[in-house]
Amino acid sequence: MPKLRSATSTQGRNMAGARALWRATGMKENDFGKPIIAVVNSFTQFVPGHVHLKDMGQLVAAEIEKAGGVAKEFNTIAVDDGIAMGHGGMLYSLPSRDLIADSVEYMVNAHCADAMVCISNCDKITPGMLMAAMRLNIPTIFVSGGPMEAGKTKLSDQLIRLDLVDAMIEAADPNVSDERIDAIERSACPTCGSCSGMFTANSMNCLTEALGLSLPGNGSMLATHADRKELFLKAGRQIVELCKRYYEQDDASVLPRSIGTFDAFENAMSLDIAMGGSSNTVLHLLAAAQEAGVDFKMEDIDRLSRKVPCLSKIAPNTNKYHMEDVHRAGGIMGLLGELDRAGLIHKNTHTVLGMSMGEQLDQYDIIRNQDEELHKFFRAGPAGIRTTQAFSQDCRWDTVDNDRVNGCIRNKENAISQEGGLAVLFGNLAEDGCIVKTAGVDESIWKFTGTAIVFESQEDAVAGILGGKVKEGHVVVIRYEGPKGGPGMQEMLYPTSYLKSMGLGKKCALLTDGRFSGGTSGLSIGHVSPEAASGGAIGLVRNGDIINIDIPNRAINLEISNEELATRRAEQDQKGWQPANREREVSFALKVFGHFATSADKGAVRDKTLLK
């Protein structure tokens, strides 16, 4: 029978000093011997996705203590990618993921906690906590802050739904009036919560459901809705139950590594492909799999992308649907239900509810279960009132959206595309692969041949796009922005948004060893591996080179001979794999990240071989 980890610091004569300190935190005599459960919060006033989390930790903690555990809350950092976007702050975004993972490990191991409830929400916080959960392998439940309501504004006598990407695109369009931009800016982000489309934050929170590590509804229930409170309360009760099953019944099936198996990672990736999620999810799933000891690779993602159809298009891939619409259509359980009916889900994986994924789908899929209370749960909708308060409204749609022919979620027979929403491309430009979000690419440009225009940084690319250097037919190459080369692997949301602003959204491609925001759409190909700083062929591209992109055949190639490529490589080896004429101040902390970082095909995790 596993011993409580916390017994290390709470039991025995020699731990009198530690117990004295535990007592000073409020522990009573009868608390010693109970599981100590870390409530890992990420409240901050910098991030709308986290601004409402201040009281959530104590909400969960109170429920844990009612159920027989001892709850101790601590906080992690949280970076807002949207606010950090377009300047040097973006260099810190991806490194913050690993810092969060480390900080959770430090706190939990230093204090010998027995289990965790992870209260996350935005882009790097959920992945960082997920990496920590897999690393620590103690009972863990994720409960996120929930999505923001979609923005709405009246323009040209039409009520238009908006999100933050609309504000970015319109602001750079010289033909758009200041008044229109102001109206969009003020309406795009109306409430607390993670940005309202299927951007990185919401994608990752949805994937925790598919992995089995969060409760049904976690990825889609709005932050503002009163029903979300029950997810926090239930997480507090359920984590105590998981502790009992593991520490009292020796049931290891409740541990993150037992839940997050290879099959579970396949389920998560299949969901991601079906919903056209953020390409960042690939990076984070690969990283989490490594922490879990699961051999899940780019080749597996490529294989899944060839058989899993695109069943839903959500903003930024369409203006029609946002996360509130996904929830109305049955949420992630609804999407997984359709994948199950198509024979594309492993139903035997475990979940934090203590049941198999198949059993969970029987209970929570609105197509197979007509229970009135279940449908009421998924009818939870937006109020359309500006607020930073969680659980502040109780509005509901009249009906759920169970239209699997033309609705927000489709069945396989009526799929938006039999091609999945994400694809892996290989070729002489990306020998270890690169990622494109096909759900956000117009099918007319799935095959694209263009002329390279090369930039050594995101900043130069932005100046080139807004300055008119980029023309129709160009492939914009932004290099030395990978995990090592940045360092930090910046998101390229501004370059992709500005291509749309300049009317080039369907007339150009963008290729980078950096990455993209979940808000990106268009022919944007990222995560090119190996990256330029690691000797990748993207570092050998020259202005005027022809680049061929072929999504249906999963290929991307630089149209020069092998001999010319070898000659260029030899020349670059002599010069060194560094950006030409780029002035960028890089802190010591970022240099450390860059030194240890692997390429994107490895999840941009730290290279452990450097420590041997």
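Keep in mind that glycine also has a Cβ here, set from the backbone N, Cα and C atoms.
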Additional site residue, Asp81, Asp98, Asp460 [criterion: listed by Swiss-Prot with Asp123, Lys124, Glu491 for Mg(2+)]: Asp81
Conformational class of Ser517 (active site, proton acceptor) under the three-state DSSP mapping: coil
CB-centroid shell, 8 A cutoff, Mg(2+) site Asp81, Asp123, Lys124, Glu491, site residues removed: Val79, Ala84, Ser93, Leu94, Cys122, Thr200, Ala201, Asn280, Ser517
Lowest local Cβ density (other Cβ within 10 Å) among binding-site residues: Cys122, Cys195: Cys122
Distance, Asp123 (Mg(2+) binding site) to Cys195 ([2Fe-2S] cluster binding site) (CA atoms, angstrom): 10
C-beta crowding around Lys124 (Mg(2+) binding site), within 10 angstroms: 29
Cys122 ([2Fe-2S] cluster binding site) versus recorded positions Asp81, Glu491, Ser517 - nearest by Cα: Asp81
